[in-house]
Amino acid sequence: MRKLCDSRWCYFCDREPHSTIFFVFPRVNYRDHFIAGGPSGSSGCANPSGWMQEENFLQFLKHFHSVAKSTLDKPVLLLPDNHGSHLSIDGLNFAKANEIIMLSFPPRCSHRLQPLDRAVFGPFKRYYNTAADAWMLNNPGKTMTIYDIPGIVSTAYPLAMTPSNIQSGFRCTGIFPFNRDIFTDEDFAPGYVLDRPQPEINNEGQPGPSNTGCSEPTTNGTKSSTSNENRETSMTELTDPKPSTSNGNRSPQNIL
């Protein structure tokens, strides 16, 4: 199933809590009845792919501004990820002209820094699944369509989008109250699968075979010659095997 909506929510720490939701429908043209039964104040748009595009994000910014009512005296901070649809010239110009300060997260860090990911989306998914199950029980034999989704969202949305969850998301990411030390270096360390032994450099400055632990390096940085001598001895035995002295394993030459 294609993605139905790319929802955006906003919250103001220094004012009364406000939230809004924005749907992106996989359709060519948007109609107001698409969000019938949806959360109060929600809006939407249409895109054939069902994913947020640059022109859709500009529509969202206009909807966001109508709810946030940002001014020169009271600017609003918007925290998007680094998706390309958020970086259009038209969108950035609109945000700048309407005192919307956009601060994007570094790539592959939203699982740690995005307040919605940390404290809201998890409860929202659970409440949404419960509401969807209830819808199917109350509508036996009926197929759920994308036009039924806003009504289901309106049931799960107020249960997940609570001031407590929102404030917890901003707190655990260190955004508000601001805490630059909330994460350690280990939180953003690469996975063990990326660990590799350091390449060795020979006397000529060329990378040599990596040290796999089979031989011990000497104090001058070169490998012990024991491994190479054993390797040469093994190759010699393979190319010129010695005749066996046992009676049960005599070579063909000795038999003849």
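Each Cβ is built from the backbone N, Cα and C atoms, and glycine gets one as well.
Automatic prediction, not curation, is the source of TrEMBL annotations.
Feature annotations, courtesy of TrEMBL:
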COMPBIAS  200-228  compositional bias 'Polar residues'
COMPBIAS  235-256  compositional bias 'Polar residues'
DOMAIN    46-170  domain 'DDE-1'
REGION    190-256  region 'Disordered'
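DSSP assignment over the domain 'DDE-1' (46-170) gives 77 helix, 7 strand, 41 coil. Predicted-model confidence for the domain 'DDE-1' (46-170) is 92, expressed as mean pLDDT.
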